[in-house]
Structure formats: C-alpha cells, structure tokens
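Working notes, structure below.
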Amino acid sequence: MNILIFGPPGSGKSTQARRIVERYGLTYISSGDLIRKEIAEGTPLGREMQAYLARGDLIPDTIVNTLIISKLRRVRKDFIMDGYPRTPEQVIALENYLYDHGIKIDVAIDIYVSLEESIRRVSGRRICPKCGAVYHVEFNPPKIPGRCDVCGAELVQREDDRPEVVEKRYRIYMKNMEPIIKFYQKQRIYVKINGHGNIDEVWERIRPLLDYIRNREAMI
C-alpha cells in the first residue's frame, strides 16, 4: 500500500502519518524530515533551503525532487509520503518515477484545517535545538517553561513557525495545492479528511479508509 498525505501547516499530517506507519508497517518518507536533516547538518544545500523557509517561501522543486527521488530509490514500495508533491512540477517528477518503476499510489489523503487553526497550532510549537524534542506551549508544554524535559536545553521557535510566516506558508500552500488536488481527484484516489479535533478523532476518520484499502489488496 502506497499513500500520499497532505495538509497545510499544523494539520497534524505527520502525526497521522506515523500512526499509519505503525499500524500498516509502511516506510515513512517525509520531505520535511529530509529537508531538516540537510539544514541540521549545515550542508550548503541545507543553508540554501533554510533561507527560503525563513522567508516563508517554498523550497524550489528541483531541490525537493532530488531529495525525494533519492529516498524512493531505496524504498520502492509500501510507503507513505508526507508533504510531497506540492506543486505540478513535483507531481510530474513523481509520476514519471512511479511510471518508470511500475509503482502506483493507492490513496492521496488531504487533511484540512482552517487558517486560524493552522496559526494556533504552529505558532505555539517549540523545538529543542540540542536533541530535537518537540513541544507546544498549549497542547504539550514542557515541565519547566522554555526548557527541554529531555536534555534541559533552551527551547526555540523556528523562524518558519512565527505567526506571520505561518499565514504566508498557509496561503502559498492552499494556492499551490489546487492543481494537485484536481490531478488526484481525476485519478480517483483523492480523499479529504477533516483535520479539526484531537489526534484520536482525526485518526478515526482515516483508519477505516486504510483498513478498507488494505483488505481490498489482500483479496486481489
């Protein structure tokens, strides 16, 4: 089973993606994780990508395509892809790769949240720069305000988590996703999921769909 999962900033798509990985034994491919790894390692490519994110801009397709296709070559099947593709050019790159390797996508899940909810969720996020632990000032606060529970380091807010940047990211995302959504609707694999509510509530909107797909595959 191969899955695409989308959602604007703060939609919780990565949290749901990891639940999907645990339940169905898929490989998790996250464009965000691949990008953050490059940034954390301070590579020239990472520094270039950080500059785009700090301005609230999307990273160029050529860079993202290279990261994703490189990962796909090592995985090939039974994966969930988080946050990719986001532009028509990325769709073309992905579709060309999948066609050349005889791979199909079973479902494209779009988790929707409003702009207001996106800002509330994302702007409250805090990151430990030392160990990578993630907190939220409202939903998952550290025991000592501003300090990591794991290593005690001072927590920081990522540049792209500031409210004004979140709003810009959200609007860019929604605009760019219009043709992507239309493409997967034509493929008859697009499913829109209400992302409002807690993690378990959203999960129970997703799980029955994937159980059905998995059971359908088992019967073929």
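Every residue, even glycine, has its Cβ placed from backbone N, Cα and C.
It should be emphasised that the depicted structure is a prediction, and the values quoted were computed from it without experimental measurement.
Copied over from Swiss-Prot:
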BINDING   G10, S11, G12, K13, S14, T15, R125, V134, Y135, G197  ATP binding site
REGION    30-59  region 'NMP'
BINDING   S31, R36, D57, L58, I59, G83, Y84, P85, R86, Q90, R158, R169  AMP binding site
REGION    124-161  region 'LID'
BINDING   C128, C131, C148, C151  Zn(2+) binding site
Checking the contact step here: among the binding-site residues D57, I59, Y84, C128, C151, which have a Cα within 10 Å of the Cα of Y135 (ATP binding site)?
C128
Near the region 'LID' (124-161), which residues from the same chain, at least 6 beyond its ends, have a CB less than 8 A from one of its CBs?
53-54, 56, 169
Spatially speaking, which of the binding-site residues S31, I59, R158 is closest to C128 (Zn(2+) binding site)? Use C-alpha to C-alpha, please.
R158
For the binding-site residues listed here (G10, G12), tell me which residue's CB has the most neighbouring CB atoms inside 10 Å.
G10
Taking DSSP states H, G and I as helix and E and B as strand, how many residues of the region 'LID' (124-161) are helix, strand and coil?
3 helix, 10 strand, 25 coil
Within 8 Å of the Cβ centroid of the Zn(2+) site residues C128, C131, C148, C151, which other residues of the same chain have their Cβ?
P129, K130, G132, A133, D149, V150, G152, A153, L155
Given the binding-site residues D57, Y84, R86, find the one whose Cα is closest in space to the Cα of R125 (ATP binding site).
D57
Which residues does S14 (ATP binding site) neighbour through Cβ under 8 Å, counting only same-chain ones at least six apart?
S30, G32, D82, G83
Cα-Cα, C148 (Zn(2+) binding site) versus R86 (AMP binding site), nearest Å, comes out at 32
When the Cα-Cα distance from D57 (AMP binding site) is computed for each of the binding-site residues G10, G12, C131, C151, which gives the smallest value?
G10
Given the binding-site residues G12, Y84, R86, R158, state which is nearest to C151 (Zn(2+) binding site) when distance is taken between Cα atoms.
R158
Number of helical, extended and coil residues in the region 'NMP' (30-59), per DSSP
21 helix, 1 strand, 8 coil
Does DSSP give G10 (ATP binding site) helix, strand or coil?
coil
Can you tell which of the binding-site residues I59, Y84, R86, C131, R158 lies nearest to G10 (ATP binding site) in space, using Cα positions?
R158
